[in-house]
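Asks: Dropping a structure here in structure tokens format, bear with me for questions.
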């Protein structure tokens with residue numbers, strides 16, 4: 001825009017011409033070479049009203065903030081499926097009303113509810129995805145879900161270039177949202193969540209339907225689910241079937257990881273959106289810069305899939321955060337000419353932060369247990385929204401100080417956060433925890449493994465039922481318990497509906513026993529070894545009992 005108001009000095013003396021009064025602008029001429037109509041020109045968000053542009057972005061992120069506080073708890077209480085459906089309805093109706101806004105106030109209010117619904121759809125859907133795929137596929141599908149965001153990111157500059165009017169752009173972005181209304185008939189409920197609530201019959205129907213759609217035959221699903229129900233019932237009766245936000249901070253061993261994850265999400269979002277919003281400050285065409293900012297996410301997601309499958313979650317996450325931070329810090333010393341050098345380094349920072357953000361979603365969903373997984377992911381996203389709310393105003397900091405100051409702030413925060421990631425446990429190829437106690441013990445278990453040697457633990461869970469695997473547990477501890485008793489002390493019938501068979505045979509230490517299709521619990525010992533080989537079919541909550549011998553495993 002161009003200010004065409006012409007002012008004249010109000011006071012004049014013999015030496016200087018001065019004006020002690022400020023007259024506000026009353027007319028503007030806008031540059032229409034890029035857009036014919038924008039939100040800025042629609043409501044004259046220039047001069048003394050220019051700060052309202054940053055406010056509108058922050059209000060949008062505030063909707064996401066509130067959404068994560070509310071829908072995380074609802075999804076863990078009412079279920080994933082009804083929560084997603086409600087969020088879809090809010091998204092569609094808010095998007096339609098937003099396109100027909102008649103005032104700036106109406107515009108930012110509808111944008112608030114639009115982000116309120118969108119965030120709920122994405123976060124709860126992500127948790128549902130993590131809970132209905134097996135552990136070997138979590139990394140692929142967890143990252144692949146981001147390709148939808150990436151496609152939208154890259155498509156937006158093209159849509160804006162073709163339409164050039166904010167109203168028609170909003171209409172074009174609203175149309176695909178209508179498809180979301182069919183989710184109620186397409187989405188299943190999470191069988192893992194159903195089991196945590198003791199709703200075994202519904203979980204069985206969901207798994208059977210999934211197996212039928214995938215052309216798989218589940219062996220003995222009724223028997224296997226009934227065995228899992230024993231532990232699920234105990235968890236439900238003990239009060240661990242549900243949790244709240246306070247549980248994340250008052251559970252010993254879990255609160256340290258929670259605070260670390262919160263800081264990680266804040267920095268990721270702050271840097272990610274800060275770099276995205278500041279693309280207009282880069283030299284060159286704004287359409288091309290914005291498209292490039294989105295295009296770097298495609299290779300970032302592809303690289304992330306291979307990285308976390310081969311290297312795990314922790315080290316790729318820490319590495320991308322540190323490299324991204326260094327890239328942002330380099331902006332401080334780079335010369336302004338040639339212009340493409342600054343753009344390249346900025347895109348490298350965006351590339352790394354994109355990778356780390358994608359890994360953070362998968363990593364967080366695998367760290368928090370089922371009973372508070374949506375609460376954990378939602379509360380982490382709350383801190384991410386704090387970062388995204390502050391990100392638009394980082395531009396104002398650069399204007400007030402120096403243009404490279406925002407990049408320095410991004411770099412320092414990303415570097416520090418990357419170092420803190422090393423204190424989190426690795427979750428690759430590990431069954432996700434079901435209860436608070438199991439999640440809290442992950443760090444202790446890793447330390448114990450380093451002290452006592454390698455321990456192989458595989459349990460038949462919802463993950464393995466979907467994949468129809470028969471797995472074996474091999475542990476070097478004789479303290480594994482059945483209904484509170486050592487295996488040596490368990491009689492052939494100990495209050496079970498079916499006999500608990502305990503047979504002895506000679507085994508060699510550290511020997512892996514071949515998987516079996518029986519439902520027997522076999523203990524094998526020799527005078528020279530303390531190894532116990534046990535076949536367990538239970539919830540993931542039994543994970544770790546074979547290592548520490550201080551938890552009860554229902555056999």
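Count begins at 1; order follows the chain as displayed.
Placed from the backbone N, Cα and C atoms, the Cβ positions cover glycine too.
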Asks: Do you know which of 221-242, 287-308, 441-462 TrEMBL annotates as transmembrane segment?
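Replies: The range carrying the transmembrane segment annotation in TrEMBL is 287-308.
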Asks: TrEMBL tags one of 35-54, 55-74, 195-214, 375-394 as transmembrane segment - which one?
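Replies: My reading of TrEMBL: the transmembrane segment range is 375-394.
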Asks: Taking 15-34, 315-334 as the choices, which stretch does TrEMBL tie to transmembrane segment?
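Replies: Based on what TrEMBL states, transmembrane segment spans 315-334.
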Asks: TrEMBL tags one of 167-187, 482-502 as transmembrane segment - which one?
Replies: 167-187
Asks: Any residues 6+ beyond the ends of the transmembrane segment (140-161) with a Cβ under 8 Å from its own?
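Replies: Counting only partners 6 or more residues beyond its ends, the transmembrane segment (140-161) has Cβ contacts under 8 Å with 35, 125-126, 129-130, 133, 169, 172-173, 287-288, 290-291, 293-295, 297-298, 301, 304-305, 308-309, 358-359, 361-362, 365.
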Asks: Using a threshold of three or more Cβ pairs below 8 Å, and leaving out pairs closer than 6 in sequence, do the transmembrane segment (167-187) and the transmembrane segment (340-363) count as in contact?
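Replies: When sequence-distant Cβ pairs are counted, the transmembrane segment (167-187) does not touch the transmembrane segment (340-363), since fewer than 3 lie under 8 Å.
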Asks: Report yes or no: does the transmembrane segment (406-424) come within contact of the transmembrane segment (315-334), defined as 3 or more CB pairs under 8 Å with a sequence separation of 6 or more?
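Replies: Answer yes, regions in contact.
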Asks: Same chain only, please: residues at least 6 beyond the ends of the transmembrane segment (254-275) with a C-beta under 8 Å from a C-beta of the stretch. Say none if there are none.
Replies: 61, 247-248, 293, 317, 321, 324, 328, 346, 349-350, 353-354, 356-357, 360, 363-364, 367, 376, 379-381, 383-388, 390-392, 394, 406, 410, 413-414, 416-417, 420-421, 423-425, 436, 439-440, 443
Asks: How about the transmembrane segment (375-394) with the transmembrane segment (112-133) - do they touch, taking at least 3 C-beta pairs under 8 Å (6 or more apart in sequence) as contact?
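Replies: Result for the transmembrane segment (375-394) with the transmembrane segment (112-133) is yes.
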Asks: Cβ under 8 Å, sequence separation of at least 6 from the ends of the transmembrane segment (112-133): give me the contacting residues as numbers and ranges.
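Replies: Beyond its ends, the transmembrane segment (112-133) has Cβ neighbours at 59-64, 66-68, 70-72, 75, 80-81, 83-84, 86-92, 94-95, 98, 141-142, 145, 180, 187-188, 190-193, 210, 361-362, 365-366, 370, 373-374, 377-378, 381, 385, 432, 462, 466.
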